[in-house]
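Trainee: The transmembrane segment annotation in TrEMBL covers 32-53, 65-85, 119-140, 152-173, 179-203, 224-242, 254-275, 282-299, 305-326, 338-359, 394-412. What TrEMBL lists as domain 'Ammonium transporter AmtB-like' is 33-438.
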Amino acid sequence: MVNITYDGSGSIVWVDDSTNPAVPWVYNPGDIAWVLASTALVWIMIPGVGFFYSGLLRRKNALSMIYLSMMTLAVVSFQWFFWGFSLAFSDTGSRFIGNLKYFGLKGVLEQPSIGSTRIPSIVFCVYQLMFAAITPMLAIGGFAERAHLGPLLFFVFAWSTLVYDPIACWTWNSNGWTFVLGGLDFAGGTPVHISSGTAALAISIYLGKRRGYGTEALAYKPHNTTYVILGTIFLWFGWFGFNGGSALAANLRAAQACIVTNLAASVGGLTWMLWDYRIEKKWSAVGFCSGAIAGLVAITPGSGFVGSPAAVLFGFMAGTICNFATQLKFFAGYDDSLDIFASHAVGGVVGNILTALFAQASVAGFDGFTSIPGGWLDRHWIQLPKHLADSAAGLGYSFVMTTVILWIMHYIPGLRLRVPEEVEIIGIDESDMGEYAYDYVGLETELKTAAFARSTAYDARESDLKERSSNA
């Protein structure tokens, strides 16, 4: 039997008999209920990413992204049970990564969690699982339209173990070096967004450019803007649990996190849309959704530390900087088909920097017990160098480790990711799944275009040979 009782108010009481004298721990059912509800909110974000990415792609690759969102959730759920939670949050781990104390979730039940003593470890575990699952899904967008689906099962397991778990450990584990240093990352600026965005950059560089890069063939519009909006709805809705739930209790700090989350998303969406309007004089739904996501990304690390006025700046700066960062791929020559680096890595860095500037001890104290020195608003000037170090570490580590994983897979039979040109032409849905997002996919246009291009090239070679022979 679990050694718990209930007090007169209905709160759960667990007594730690390993100490002398025994120490009682009290868990408020309202706190547990809020974190479990937030778990469900973050869960819905994962297929939200799938729909968002799917809508931005061509219809012949639409289904694969939605499938990958659920596949990623399944793989990471097993990995988190197997050793992921222990590697990230074991309380006897190192400053870089945990150990296997909680291997197979052994001993993860009624004890106070490492994240907050207000909830038991099993509640914290399932909540953090959702963060671990959505992060590789964000990165997987870098594989869009040009990678086999089978090897991604291995990639997700390996990447979660070697990239996400260490960064989560050093950021949120009380033994982690960033945590000890005094970094302020409320809900995942570095572990979630910088790591996934940088991984997508490494993936794009490794895979190379898609067929037709730099031509009209890739100057397509999103095949289903409704999917883009639907994905944004799921993400925006779930982000209340993503940021608000990171308070790990039902209190004023959680409410404040929800307020600034919604505000930054709103301002970010409007800002990006207006920047796009200056060029095409159209009110772009895709532009608004992209800006809203950028605002949500930027406010993530600061949502439990900054006030509402600062959230407006978070949204504006994210909507502006991430919008212009989408042009980086043209200057650097990489094919990031979904602009994941611009939205998540750049947005995460923007959020980390602004958090260092605008974090307030008074806001962090809305929960009644958190005490921080604050950021520049509180004249705590050293906070910015700490966040710059954390951001640089996340960028560098994720990029290098992702590249290493990809090249190791490259030389293992059956795990090579890049598809040949013929597969690109017919689409990942047909080649790797044999299923479609729609009854009508429109492959005829793609195939006719490819056949015409090859026929034209052949005719040109024939004409050249004839001309040479006649001149001879």
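Cβ coordinates come from backbone N, Cα and C, glycine included.
Nobody curates TrEMBL annotations by hand; they come from automatic prediction.
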Trainee: Let me spell it out: take the transmembrane segment (224-242), skip the flanking residues so only those 6+ beyond its ends count, and list any with a Cβ under 8 Å from a Cβ in it.
Mentor: 37-45, 47-56, 59, 62, 131, 187-188, 258, 261-262, 265, 285-286, 289, 292-293, 296, 300
Trainee: Along the domain 'Ammonium transporter AmtB-like' (33-438), what average pLDDT does this model show?
Mentor: 96
Trainee: Sequence gap of 6 or more, Cβ distance under 8 Å, 3 or more pairs: do the transmembrane segment (282-299) and the transmembrane segment (394-412) meet that?
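Mentor: Answer no: the transmembrane segment (282-299) and the transmembrane segment (394-412) share fewer than 3 Cβ pairs below 8 Å.
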Trainee: Below 8 Å between Cβ atoms, which of the listed ranges 65-85, 179-203, 254-275, 394-412 makes the most pairs with the transmembrane segment (119-140)?
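Mentor: Against the transmembrane segment (119-140), the leading stretch is 65-85.
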Trainee: With CB pairs under 8 Å as the measure, which of the listed stretches 32-53, 65-85, 179-203, 394-412 comes out on top against the transmembrane segment (152-173)?
Mentor: 65-85
